[in-house]
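These come from Swiss-Prot:
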DOMAIN    41-288  domain 'AB hydrolase-1'
ACT_SITE  Ser116  active site, nucleophile
ACT_SITE  Asp255  active site
ACT_SITE  His282  active site, proton donor
Amino acid sequence: MSYYFITMKGYSINVEEGYKRIFGINIYYKLYRVKGSNRNLVTLHGGPGGSHDYLIPLADLSNYGINVLFYDQFGCGRSDDPKDTSDYTIDHGLEELEELRKQVFGNDKIVLLGHSYGGALAIAYALKYQQFLRGLIVSSGLSSVPYTVKEMRRLIEELPDKYKTIIKRYESLGDFKNPEYLDAVNFFYSQHLLRLKEMPEPVKRTFEYIGKRRTYEIMNGPNEFTIIGTIKDWDVTEQLYKITVPTLITVGKYDEVTVNVAQLIHKNIKGSRLVIFENSSHMAMWEEKDKYLEVIKEFIDQVYSLNMVK
């Protein structure tokens, strides 16, 4: 475990980095803890199989008095693989999250932000452990894998004929590693995953971890729109009405996890707020960083000021 201290905007921030022992394996975490603050944000990266690295812009929220916790989920980034292959599930992920919450924040409630697959994990957590939440943020997340895949297939139909034809051809052959197919997949990503000319280094690190580990392939599949892993049938849309904590839903206009997916969640969580980032695809925290952080900060400020409830 390591520590270092920084001071920003008058806040004293202790950055703690290390491992927590959870269910017999080491889970990596990084905590930006603000002296004297009880406002807690826990972040969930996507994948499944990514790492916390690409979410690091959210660390800036500690400059405004918000404790920010990042971690690499089981089988991801710097964390260990689960001991049992049957643990590559969303259910195991939410129990891991609850154990980490207890170890880091004790009895304190949290605001939970999940991005992409992390948004699905955040929803699953809220459905079981809502009593520990001050608020929920579903950022380019989903409540139904089948519906999300259906929406991604619609986006493929809107691609230029060249790429659409290539994707369909190699999918029919079951050849997901052909260079021509991978080139078409990368074009899809350039439109709907990240629309920046240069990929930021933290995003590169996350993709490097995805390539090194087996979690993405086990839980998801060969790529973003071919989901054949353990999460392929996951759908909790009909349970969303049970979520009653303040909820923010964000999505990019060009998102691979589409606006329609976000609207489905918004429609089923009473009182939720939906924000669409007009110049973003799947990574608004990079594509519209300042606006994204402003929206997240505003929501957290509102959640912690509501009747001054603790």
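Including glycine, each Cβ sits where the backbone N, Cα and C put it.
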The residue listed as 'active site, nucleophile' versus the residue listed as 'active site, proton donor' - Cα distance in angstrom: 8
Nonlocal neighbours by CB distance (under 8 Å) for Asp255 (active site), same chain, sequence gap 6 or more: Ser140, His192, Val261, Ala262, Ser280, Ser281, His282
Cβ neighbours of the residue listed as 'active site, proton donor' where a neighbour is any other Cβ within 10 Å: 25
Just counting, how many other CB atoms are there within 10 A of the CB of Ser116 (active site, nucleophile)? 27
